[in-house]
Amino acid sequence: MTAEHSHGPPPGSASAPLPPADVRRVACVGAGVIGGGWVAHFLARGYDVTAWDPGPGAEEKLRRLVEAAWPALEQLGLAEGASTDRLTVTSTLQEAVAAAEFVQESAPEKLELKRSLLAELDAAAPPGVVIASSTSGYPMTDMQTEAADPGRLLVGHPFNPPYLIPLVEVVGGETTRPEAVEWASRFYETAGKSVITMDRELPGFIANRLQEALWREALHMVANGEATVREIDDSITEGPGLRWAFMGPCLTFALAGGEGGMAHMLDHFGPSLKSPWTRLEAPELDAPLRDAMVEGCDEAAAGRTIAQLVAERDQGVIDVLRATGRLPRSGSAGQTPGERGAQAAQGDESGEGERRT
Ligand SMILES: NC(=O)C1=CN([C@@H]2O[C@H](COP(=O)(O)OP(=O)(O)OC[C@H]3O[C@@H](n4cnc5c(N)ncnc54)[C@H](O)[C@@H]3O)[C@@H](O)[C@H]2O)C=CC1
Ligand SMILES: C[N+](C)(C)CC(=O)CC(=O)[O-]
């Protein structure tokens, strides 16, 4: 614990957190699919991690998740000293965050729960320590209403699994301090993530807004019997998904215009935007659609268990990262948080080195 933390100003005032590269202790609150994934990520990057989750059997589930993720993380390259032994599961939220230098909240996606939990975390965490929510869609403005110091609360939206997918979308709410947003972006970069820092709140942020459009159309097609789950998945993995791993949809479509690039692509295909391809209202998620999706996914899984699919996905993501030159630079992945701090002190605070080869 730094002097800053133990003798900081009272909660509610703006106290400066540690420099991002000096952070050693991270708390993860809520340790399901995403919280557990964050725990695995931070452990692999050499942090000391405390976790708290009130769910039945939460510690056992969390340790199982971390163990299942570890082989993939070993392939990526662990930071020196990284160990699953550096995980402490606490029996109270207060213990989990008492000495934390950064807090990642990953509790269920329920607005009232998030509001009161974030207020509780704000009351328990050392002053100034930044608290990020993994929410996949709530604006922080709606979640920070009950906290005494809402200025340190922000969204750090990850992608599943957070230990393999680099992106985090960082955005504050109306009362978040801009310095907290800046701090969190630097911290995530130091911790090996790829960050998009948003300057305004958008429903679903950027990536979920895009994913949601695709997902809505997929549900329409299943609901109407127009395509099966397998056809929908194959249409992406055998089609556009191959390009999207290394070139986004805009630049990809610019190539659809040939030598004329995006200008020709828009002149040629732009008018078809008005074609009735999309159904912008979300379909009713009724029982028949739910059953069709569940049955379709069972069929697509073809007998593979969730654990097998997770291992298959993890290997697939690693293969893609490797093939597109995005495994952490050798040496960088093996750095401890302390070494990264030293590097930052020497002037490389970009975090770029941890993110790209
Ligand atoms: N599952 C996904 O693909 C993604 C989820 N997220 C977000 O991450 C957050 C967590 O979602 P998942 O991990 O999928 O859910 P989950 O259901 O797998 O895990 C939630 C965990 O929170 C625990 N919990 C329940 N009440 C709690 C409380 N009061 N305080 C702390 N923990 C509590 C539960 O015991 C459970 O282990 C949500 O905000 C979600 O929107 C973000 C990106 C992707
Ligand atoms: C399904 N989801 C909306 C919770 C997904 C995300 O938020 C991000 C992801 O992992 O794709």
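Glycine is treated like the rest: Cβ placed from N, Cα and C.
Marked as region 'Disordered' by TrEMBL: 1-20 (among others).
Annotated compositional bias 'Pro residues' per TrEMBL: 8-20, in sequence order.
Per TrEMBL, the feature domain '3-hydroxyacyl-CoA dehydrogenase NAD binding' maps to 26-198.
According to TrEMBL, the feature NAD(+) binding site maps to Gly30, Ala31, Gly32, Val33, Ile34, Gly35. Taking a C-beta cut-off of under 8 Å and a sequence gap of six or more, Gly30 (NAD(+) binding site) has these contacts in its own chain: Trp52, Asp53, Glu105, Ser106, Ala107, Pro108, Leu117, Ser134.
Sequence annotations record features per position, and here TrEMBL assigns domain '3-hydroxyacyl-CoA dehydrogenase C-terminal' to 204-272. Across the range of the domain '3-hydroxyacyl-CoA dehydrogenase C-terminal' (204-272), the DSSP-based residue counts are 53 helix, 0 strand, 16 coil.
Sequence annotations record features per position, and here TrEMBL assigns region 'Disordered' to 322-357 (among others).
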Using other CB atoms within 10 angstroms as the count, which residue among the binding-site residues Ala31, Val33, Ile34 scores least?
Val33
Residues with Cβ closer than 8 Å to the Cβ of Gly32 (NAD(+) binding site), same chain and 6+ apart in sequence?
Asp53, Gly55, Lys61, Ser106, Pro108
Is Gly30 (NAD(+) binding site) helix, strand or coil when read with DSSP?
coil
In terms of DSSP three-state secondary structure, what is the assignment for Gly35 (NAD(+) binding site)?
helix
